[in-house]
Amino acid sequence: MPELPEVEVTRRGIEPYVAGRRVERVDVRTPALRWPIPPGFARLLHGRLVRKVERRGKYLLFEIDEGWFIVHLGMTGTLRVLRNVPHPPAAAKHDHVDWIFDDFILRFRDPRRFGAVLWHPRSAGDVLDHPLLADLGVEPFAPSFSGALLHRKTRGRKVSVKQALLAGEIVVGVGNIYASESLFRAGIRPTTPAGRISLVRYDLLADAVRVTLAAAIEKGGSTLRDFVGSNGESGYFQLDYFVYDRAGQPCRVCGTPIKQIVQGQRSTYYCPTCQR
């Protein structure tokens, strides 16, 4: 599943193309995604100017005068910029939505159809008040994200620290891959109850989350199965993993074999020596 780095890589790749440009047409081939694309969506966007593209958690927010259309990549979704000159590229089976501009197409592809294309009218208030966005945690690169925040929000909680990161109620966008990698950098075992971790160790974890996500964005995200950036290129951060998907391989720091366990039906990877 695309996590925060992959969504941010997509946003950075798309915005220079679409910001300040008008949508000439929208082709909706598959309205039945995770949630149905609203009727009249294509007509609503016809001729509209895209002001900017922002990100909240794993959601992409495209602003036009009348509101915002929201895109979530789901498990296998991608957004690609494709040149339509001299001929528009043919759509394949899993290409569900095209936003057509004068000299390129923004194409949403999603083989498993767990992604979403939604509409939030300006009359309904700010886009951050949308039901899917209103209760999200703090952004990991925001000044308000800190070890003190993690420490305060987890007091009395028995859930594991990894599950607390994944929940998205405290901090957004830290999915399975980057939770495992961040906990390794901080030297914290993922099974540790969140409420038992000290402020000092949470300071280390907050720094580790930021460093890990920034490094992943710099490498274009991770490509394990489906993800490609807006230009169709794969990410390369998976080559730098310390623990994720490395079960049985030696730790890059101490040489101890990486251990794999299951938490909440998801695989967790850690070093039994480096992480306490």
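Yeah, the Cβs are placed from backbone N, Cα and C, and that goes for glycine too.
Cross-referencing H87, H94, H130 against the DNA binding annotation in Swiss-Prot, which names R112, R157, picks out H94. When the active-site residues E3, K58, R266 are compared by Cα distance to R157 (DNA binding site), the shortest distance belongs to R266.
Cβ-based crowding with a 10 Å cutoff singles out K58 as the top-ranked of the recorded positions K58, R112, R157, R266.
As a summary of secondary structure, the zinc finger (242-276) carries 0 helix, 12 strand, 23 coil according to DSSP.
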